Amino acid sequence: MTTRLYLSPTPPRNDREGASKSTSASIKHDAYLPPADGNRVLVDRFGRIARDLRVSLTDRCNLRCTYCMPAEGLEWLPTEQTLNDAEVLRLIRIAVVKLGIRQIRFTGGEPLLRKNLEDIIAGTAALRTDEGEKVHIALTTNGLGLDKRIAGLKEAGLDRVNISLDTIDAERYVSLTRRDRLSGVLASIDAAVAAGLHPVKINAVVMPGVNEVDIVPLAEYCISKGSQLRFIEQMPLGPREQWKRGDMVTAEEILARLEEKFTLSPAKEPRGAAPAALWNVVDKSNPDITGQIGIIASVTHPFCGDCDRSRLTTDGTIRNCLFSRTETPLRDALRDGASDDELAQLWAGAMWEKKPGHGIDDEGFLQPDRPMSAIGG
């Protein structure tokens, strides 16, 4: 029997609770009038509060994954247009101290290509949230070179790591990434597990006719390593005209393949604002082999109604959604002498304009102008 895994997509809180336009107006009023201590939260018109900040540290990458970047011809941002270390840390401090951010995820491009990454993580780890806790710090990486730096990154304050791996077949890895580097990624997964950054999460984008055959082998591999595999529906973020809604491999199709090998049951822990729906898996041929797998169904079962993310690009702009067509620049204001409160106000305004959903299925949907490598995962 095939397990039915999802209910209908969750609407934004505003719609879910039947909030009126007047309620939204009061939310906006509160968002722009800080309390006595001068702090705000990043709230939008639908009552969603951003607690998770994705910080892209570079648009550069040492792979050329087919669904993310062209093989050649992509120009990198000039250094002077990107935030320097002090600017990155200042904006992170504003986000944490003044705007209620509690989790920071460093992304790219490939964040391990950022010089002084350990210093940026250490500076972030020194901050305390509005609850008096250490900021939770995570890293999303392709894994190349991570094994050689994992000890220093953990010492600096890194709590957790996500490693991208779409196949464990060597030939298919070369075809997907246009680089022969699989052994380096596998070494980094081993190093992250050994360093105790649990759970080490493995991100795999599933593409039609490309790596569907890797679904079960990836699951077996990740379970053997004690890491948590998360399958991701391919989204319209790569080279234009490559993605077609009708051709994508859906969450249901991924789970159907998993059920050929495993018994699946919903994880009991609450999902909250997490993007992945978690499933406990048991090997049908050996019940002693167990693990947990996540499915991120951003297209077929969007979780926009519970999204708690804000995004800072490497050139200092705020994106309130991965698929937003508009951005709010902070870099120039920062370099022109804006105060922390003024930058926080700009940031709050950007998040207020967040739409109820990503709109992938809307008529007239346009994918972002930036490639994924320049937005940050």
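Cβ from N, Cα, C; glycine included.
As annotated by Swiss-Prot, GTP binding site applies to Arg54, Arg105, Thr140, Lys201, Arg309, Ser310, Arg311, with the evidence given as sequence analysis. A strand conformation is recorded for Ser310 (GTP binding site) in the three-state DSSP classification.
The 10 Å shell around the Cβ of Cys61 ([4Fe-4S] cluster 1 binding site) contains 24 further Cβ atoms across the protein chains shown. Feature annotation from Swiss-Prot assigns [4Fe-4S] cluster 1 binding site to Cys61, Cys65, Cys68.
Following the DSSP three-state reduction, the secondary structure of Gly109 (S-adenosyl-L-methionine binding site) is coil. Residues annotated as S-adenosyl-L-methionine binding site in Swiss-Prot, with sequence analysis given as evidence: Tyr67, Gly109, Ser164, Met235.
DSSP assigns Cys321 ([4Fe-4S] cluster 2 binding site) to coil in the three-state reduction, outside any helix or strand. The 10 Å shell around the Cβ of Cys321 ([4Fe-4S] cluster 2 binding site) contains 21 further Cβ atoms across the protein chains shown. The [4Fe-4S] cluster 2 binding site annotation in Swiss-Prot covers Cys304, Cys307, Cys321.
Positions annotated as domain 'Radical SAM core' by Swiss-Prot, on the basis of sequence analysis: 45-271.
If you look up Swiss-Prot, you'll see 1-29 marked as region 'Disordered'.
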Problem - Distance in Å spanning the most remote Cα pair of Arg54, Arg105, Thr140, Lys201, Arg309, Ser310, Arg311, given for GTP - result: 21
Handout entry: Local backbone state of Lys201 (GTP binding site), from DSSP in three classes
Key = strand
Problem - 10 Å Cα neighbourhood of Cys61 ([4Fe-4S] cluster 1 binding site): matching binding-site residues from Arg105, Gly109, Ser164, Cys304 - result: Gly109
Practice task
Work out how many Å separate Arg54 (GTP binding site) and Cys68 ([4Fe-4S] cluster 1 binding site) at their Cα atoms, rounded off.
Solution key: 18
Handout entry: Among Cys65, Cys68, Cys307, the most crowded of the binding-site residues [Cβ within 10 Å]
Key = Cys307
Fill in the blank from the handout: The average per-residue pLDDT within the domain 'Radical SAM core' (45-271) comes out at 93
Handout entry: Site with most surrounding Cβ atoms, counting all protein chains shown within 10 Å, from the binding-site residues Thr140, Ser164, Ser310
Key = Ser310
